[in-house]
Each structure stands twice: as C-alpha cells, then as structure tokens.
Amino acid sequence: MAMRLILFFGALFGHIYCLETFVGDQVLEIVPSNEEQIKNLLQLEAQEHLQLDFWKSPTTPGETAHVRVPFVNVQAVKVFLESQGIAYSIMIEDVQVLLDKENEEMLFNRRRERSGNFNFGAYHTLEEISQEMDNLVAEHPGLVSKVNIGSSFENRPMNVLKFSTGGDKPAIWLDAGIHAREWVTQATALWTANKIVSDYGKDPSITSILDALDIFLLPVTNPDGYVFSQTKNRMWRKTRSKVSGSLCVGVDPNRNWDAGFGGPGASSNPCSDSYHGPSANSEVEVKSIVDFIKSHGKVKAFITLHSYSQLLMFPYGYKCTKLDDFDELSEVAQKAAQSLRSLHGTKYKVGPICSVIYQASGGSIDWSYDYGIKYSFAFELRDTGRYGFLLPARQILPTAEETWLGLKAIMEHVRDHPY
C-alpha cells in the first residue's frame with residue numbers, strides 16, 4: 001500500500017508540475033591534461049545532439065570541468081573520453097535522486113512553515129519569497145521599503161528592497177538569481193535582507209554602513225526563469241523571452257549587458273544556454289536594472305551573486321586587459337575572501353573574471369564598471385562541485401552567513417572610500 005501511495009504521489013507531483021525529469025543523468029567531473037584534450041572537450045560540447053549541459057566549462061589543463069550528461073548519452077560520452085585518454089570521474093551518480101530529495105524537502109518545509117516561522121534555511125517559491133519581502137517591509141517600515149523597478153517578460157514584478165535611514169544617499173546595489181537554477185543565491189539574498197534589518201542598530205559595522213549608504217537588494221533578478229526552474233525544468237538558466245525566428249526560448253541575462261556585447265564567451269545560437277540575445281539590453285530584466293541605476297545616479301558599488309565555484313571576481317570578463325583600479329579591487333576582494341573564510345574555512349579564489357574563469361562578454365559587472373561604478377564584484381557561492389547547482393538546503397545558512405562577512409568587508413571599504 002505504502003509503495004502504491006508513493007507512486008501515486010510521484011505521478012501526481014509530476015503531473016501537476018509537468019516536471020522535466022533527469023532520471024539516470026550523470027554529472028561527470030573531467031580533468032583535461034593538455035590543450036589538445038580541451039579542444040576535444042570543446043568539440044564534444046558543440047555536438048548539439050548530445051544535449052550536454054556544461055556546468056563548468058573546460059578552460060585550462062589540470063582544471064576540472066563538470067558536465068551533465070543525459071542518461072541516453074552517458075555511455076557514448078564515457079567511451080569518447082576513454083578513447084581520448086581524458087580522465088573523468090562520476091560527480092553525481094543520478095541527478096534525479098538529488099532533485100527528488102530537494103522537492104521532498106521543499107514540500108516538508110512548506111508544511112512546517114504553515115504552523116511556524118519563515119525558514120531561511122530552505123528553498124522557496126517566488127510567491128513565498130515575495131511574501132517574506134512584504135513581511136520584512138511591514139515589520140521594519142522605518143528601514144525597508146519596496147521599490148518596483150519593472151516587470152519581467154512574463155509580467156512578474158521586479159521588486160527591490162531598499163534599506164535606508166533616510167536622505168538621498170549614495171548606494172550599494174546587490175542582486176541575486178540572474179541565472180535561474182542558482183537557487184542558493186536567491187536564498188542567500190533573502191537571508192541577507194533579514195540580516196540587515198536584524199543587525200541594524202546592534203552591529204556597529206552595518207549600522208555605520210547604512211548611516212552612510214543606502215542598500216538596494218534584488219533577490220530574484222530573473223523571476224520567470226526561477227519559476228520555470230521550479231515548475232518545469234530545474235536546470236533552466238536563461239530568461240523566458242521569445243526569440244523571433246527560433247523555437248528555442250530565453251536569453252542568458254548575464255551575456256545581455258552592454259559590455260563587449262556579442263563577444264567571446266557568449267553564443268549567437270538561441271538554443272544555447274549562453275545565448276546573448278538579439279541586442280544588448282534586449283531582456284527587460286536587464287534593461288530595468290540599467291535604467292534604475294542610471295536614473296539613481298549615485299550607485300557606488302554593484303555586487304552580483306551567482307553559484308557555484310567559490311570565486312570572488314571583478315572586471316573584466318569581456319576583455320583580458322588589466323583595470324586601472326586593479327590593485328584596489330584586488331585588495332578589497334582578497335580582504336572579503338579572508339573574512340568569508342574566517343567563519344567555516346570556505347576557500348574562495350579571487351581575481352578578474354577573464355583570468356579566474358574565462359573570457360565572457362556582456363556580463364553585468366563589466367557594464368557597471370564601465371558605467372563608472374568602481375566597486376563592481378561578482379560572487380560565485382558554494383560549492384566547488386560536489387553538488388554544483390543542486391546545493392542541499394542544509395548548506396543555505398552557512399553559505400549565507402559566510403557570504404555576509406565577505407559582503408560586509410566590501411561595503412565597509414565602499415563606506416570608507418567615497419568617490
């Protein structure tokens with residue numbers, strides 16, 4: 001009987017959500033040993049019929065790459081790797097097993113929250129996140145307000161939390177969830193919002209930061225993609241805009257900014273996960289942020305949260321030239337990474353995007369830096385590849401807590417170095 005019930009609920013769940021499943025899909029960790037093997041992997045990536053999803057692209061020999069391989073192609077890919085002498089191991093045995101666990105935990109948490117408080121250590125739907133944002137505003141009207149900066153392609157509101165002690169101050173911008181499947185980022189942003197209101201007036205650091213600067217926080221930058229990743233396809237990364245002349249949907253919003261648009265590290269193929277879109281700012285989610293920042297006129301720091309890899313990066317990504325502010329940004333990032341590490345020992349790699357990961361054009365912090373916002377940083381949160389995008393909910397709180405120390409170090413520097 002119990003088994004029949006489980007099967008029934010499983011079928012029901014799948015039916016309600018028409019969830020795409022990933023039964024038998026594996027994530028392989030691949031270690032290319034030379035340039036030749038990297039070339040082979042890039043050719044493999046280009047084979048569209050294999051439907052490979054590179055979670056972490058092959059960049060330099062000796063550096064790991066991660067790829068999700070659909071069940072039907074697992075054998076073929078392994079045979080190819082072996083024939084080329086490319087070392088690999090299985091990072092995730094069966095992706096669906098992790099997804100089922102994640103789903104189960106969300107359902108369990110939803111039941112628990114009905115009779116209790118909001119649990120910041122769980123993944124939530126967009127609706128639940130919006131509700132909690134409203135609660136924060138209602139509970140701390142003197143410190144937090146909600147600013148609507150636009151609507152997504154599917155007409156969901158893009159709501160920013162504004163933390164301010166009044167007056168027209170210079171500001172810090174912080175966003176998360178520009179890539180839909182990076183769930184730990186939206187969760188971390190929401191925890192951060194709660195942390196700011198809890199600690200203001202108690203923690204001298206955040207108190208003095210907010211006495212000098214406003215903070216604008218956008219917890220879900222890509223709401224359509226987020227909803228889609230929860231209801232249809234957990235691996236979804238892009239927006240949900242319609243691309244004319246293509247059956248494929250969506251644009252990679254972090255290749256859509258007006259910074260080296262259409263250059264290396266972005267794809268002109270609408271079916272690619274890193275498709276840059278028809279033109280810079282074609283995505284309303286990106287354009288809304290650009291318009292808001294331009295009209296505000298006094299944003300001094302632009303920080304974006306991604307996952308995963310444990311990196312803290314600054315510009316440039318679209319070119320590999322050294323910034324004028326390289327020394328200062330490098331120092332700030334090193335300091336932030338040290339603060340972050342002090343809590344749980346989590347190690348972050350620090351440097352410009354181009355050298356830390358790869359050349360990638362059309363990214364948000366390259367645009368913000370070129371626009372004149374000196375303190376532009378991108379975090380890639382936990383982990384380094386045990387779970388990748390499917391970070392278990394039990395790691396949300398430690399991730400958010402340590403990230404907060406890094407964020408605070410950056411904000412303190414911005415506070416002490418007005419320009």
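Glycine too: its Cβ is placed from the backbone N, Cα and C atoms.
A quick note: this is a predicted structure, and the numbers were derived from the prediction, not measured.
Positions annotated as signal peptide by Swiss-Prot, on the basis of sequence analysis: 1-18.
The number of other Cβ atoms within 10 Å of the Cβ belonging to HIS306 (Zn(2+) binding site), over all protein chains shown, comes to 22. The feature Zn(2+) binding site is assigned by Swiss-Prot to HIS179, GLU182, HIS306.
Sequence annotations record features per position, and here Swiss-Prot assigns substrate binding site to HIS179, ALA180, ARG181, GLU182, ARG237, ASN254, ARG255, SER307, TYR308, TYR358. According to DSSP, ARG181 (substrate binding site) is assigned to coil rather than to any helix or strand. With a cut-off of 8 Å between CB atoms and residues at least 6 apart in sequence, the same chain places GLY225, SER229, ARG234, MET235, TRP236, ARG237, PHE389 near ARG181 (substrate binding site), listed in sequence order.
For the recorded site, CYS248 (disulfide bond), the DSSP three-state label reads coil. Within the same chain, residues at least 6 positions away in sequence whose Cβ sits under 8 Å from that of CYS248 (disulfide bond) are PRO270, CYS271, TYR275. Under the heading disulfide bond, Swiss-Prot lists CYS248-CYS271 (among others).
According to Swiss-Prot, the feature disulfide bond maps to CYS320-CYS354 (among others), an assignment based on experimental evidence. The Cβ of CYS320 (disulfide bond) has 13 neighbouring Cβ atoms from other residues within 10 Å, across all protein chains displayed.
Sequence annotations record features per position, and here Swiss-Prot assigns active site, proton donor/acceptor to GLU380 based on sequence analysis. Following the DSSP three-state reduction, the secondary structure of GLU380 (active site, proton donor/acceptor) is strand.
In sequence order, ALA176, LEU305, HIS306, SER307, TYR308, LEU381, PHE389 make up the list of same-chain residues 6 or more apart from GLU182 (Zn(2+) binding site) whose Cβ falls under 8 Å from its Cβ. In this structure, the disulfide-bonded residues CYS271, CYS354 were compared by how many other Cβ atoms lie within 10 Å of their Cβ, and the smallest count belongs to CYS271.
The maximal spread of the substrate binding site, taken as the longest Cα to Cα distance among HIS179, ALA180, ARG181, GLU182, ARG237, ASN254, ARG255, SER307, TYR308, TYR358, is 21 Å.
Secondary structure at CYS354 (disulfide bond), taken from DSSP and collapsed to helix, strand or coil, is helix. A separation of roughly 19 Å, to the nearest angstrom, links the Cα atoms of HIS179 (Zn(2+) binding site) and CYS354 (disulfide bond). Counting other C-beta atoms within 10 Å of each candidate's C-beta, the recorded positions HIS179, ARG255, TYR308, GLU380 are led by ARG255.
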